[in-house]
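K.L.:
Sharing the record's features from TrEMBL:
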TRANSMEM  C:6-25  transmembrane segment
DOMAIN    C:8-82  domain 'Glycine transporter'
TRANSMEM  C:32-49  transmembrane segment
TRANSMEM  C:61-81  transmembrane segment
TRANSMEM  C:93-114  transmembrane segment
DOMAIN    C:94-165  domain 'Glycine transporter'
TRANSMEM  C:120-139  transmembrane segment
TRANSMEM  C:146-164  transmembrane segment
TRANSMEM  C:170-190  transmembrane segment
């Protein structure tokens, strides 16, 4: 449960979201700085909102050079290995799903560590996980993923809750982040693959 | 003018916006967690922005269990009594109008109480009132209500100003919130019903 | 490098963005309060996000009466001199370009002054410059300027970097803001006029 471990969880989530943002921006034919801006906002947006809400100023995403380097790296990766990445079905959504698990875990952990408030930890775990993707989709004028019928917010909630159970020693705290990441990202990926849907509240005609 | 009274004003506004958010999300066929997320953002979004701007961390909307319970309740209400709610014309806009009055009053009150700054109180009264609805409409890819020609921002400004007159004892402080809520919500509802419009600045052809 | 000079830089940027916001809102046929709200958000939105990120509460844009007066003035100007303003090609984008330069310089300066962090100064210089325009375009359901292929984010980055070179005495600090404003706004205006584009990363078909 040391700082270093969660720092890597954060960086991997950042990388996954940076790639998903860069791919979405390339898909919209933006110039290279536009791709960089969308990639950065996707990668750091959810975390910045979380840090603002827990009163941690300035938000880590804006002062840590590592994030910036990861985003620049992602833009280059997407430029050079685009053909490879596009072999995946829905590559933007694939990397988004990976980031979802890592950020749900890290967001819940950091918030609980700072505030000790369980409700806030779950809510800001969700915000960290879905915030960047919502910003990416809104800025590239796509309908936000959270709005498609596919399981999305639900996966983030599950990830944040598992992490929180670990913070409270209800499940093994060394295992909790791995479980949270594995289950959250898997639920999202499987729901994409098999087009799982939660029941929606039937709208009266 | 005790804390308790305004606390109820806040909770009723939250309930009204939570219902309007849940109805809008059901209308988009989201899964039940998606409905919960949109309902929560609509109900708490404006207040969270207000609390961030006055430097009150963490924002009340994210740590108070009451809001969470109200949102869950609203989602169930909307699921079970949908037929009843949909008998109203534009049910989303009806509950939005009720929330508008309560939040304009509460937002102006809380900001003035925290900062003693009149301009900030009016601006953040408006933000509290219209913020959640703008987020709801942006996330469900509807054109924000504030953009329709119908009177919307104007009603929120009137509500916030009346509340502020009460805070400064220019009108009876015990009466001010009632007046603010009644006038703001009525202006909005009547403008919906009778399609009132303020003059727009004629665009040169 | 006194406070007063940068204060004027900020006010001119605010005026330019307020006009661009008012023109965009008039173009959408909003009522006069709607025009005021969009104008205010365009003028103060970027700065409010910047102030929140550097932990300066309440954000200057919400408590300084000067901004409010500038916005009200802009709405009147746009109402009365619309014919004159519309003689310009893309008047919204013209005033947006002017504001871009002033805000890139001021945003980088204020952030560096508050935090002494170079990365943050550049990032929040960009945020100050492009934030208001993104909010204006999102709220008026236009595709954000930052997303068009034309050089936009790139101009803001150049402006923020030049200002930062001045803050660190690498170039003459009295000259830096003038250079930043001139170069940033000129790049943007020339790219509009001559339809300059940066290379985009070719999308694999």
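Every residue number used here counts from 1 along the chain in the order it is shown.
Cβ from N, Cα, C; glycine included.
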K.L.:
Restricting to the same chain and to residues at least six past its boundaries, which positions have a Cβ under 8 Å from a Cβ of the transmembrane segment (C:170-190)?
P.N.:
1, 5-6, 9, 94, 96-98, 100-102, 104-106, 108-109, 129, 151-152, 154-156, 158-160, 162-163, 196
K.L.:
With the transmembrane segment (C:61-81) as the reference, find which of C:6-25, C:32-49, C:93-114 contributes the most Cβ pairs under 8 Å.
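P.N.:
Of the candidates C:6-25, C:32-49, C:93-114, C:32-49 scores highest.
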K.L.:
Are there residues at least six beyond either end of the transmembrane segment (C:32-49) with Cβ under 8 Å to its Cβ atoms? List them, or say none.
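P.N.:
Here the qualifying positions are 10, 14-15, 17-22, 24-26, 59-62, 67-68, 70-72, 74-75, 78-79, 103, 107, 127-133, 135-136, 139-140.
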K.L.:
Using a Cβ cut-off of under 8 Å, list the residues of the same chain at least 6 residues beyond the transmembrane segment (C:6-25) that approach it.
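P.N.:
Distant contacts of the transmembrane segment (C:6-25): 34-44, 46-47, 66-67, 70-71, 73-75, 77-78, 82, 85, 91-96, 98-99, 101-103, 105-106, 109-110, 132-133, 136-137, 140, 142, 177, 181.
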K.L.:
Restricting to the domain 'Glycine transporter' (C:94-165), report the mean pLDDT as a whole number.
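P.N.:
Per the prediction, mean pLDDT sits at 86 for the domain 'Glycine transporter' (C:94-165).
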K.L.:
So how many of the residues in the domain 'Glycine transporter' (C:94-165) end up helix, strand or coil by DSSP?
P.N.:
60 helix, 1 strand, 11 coil
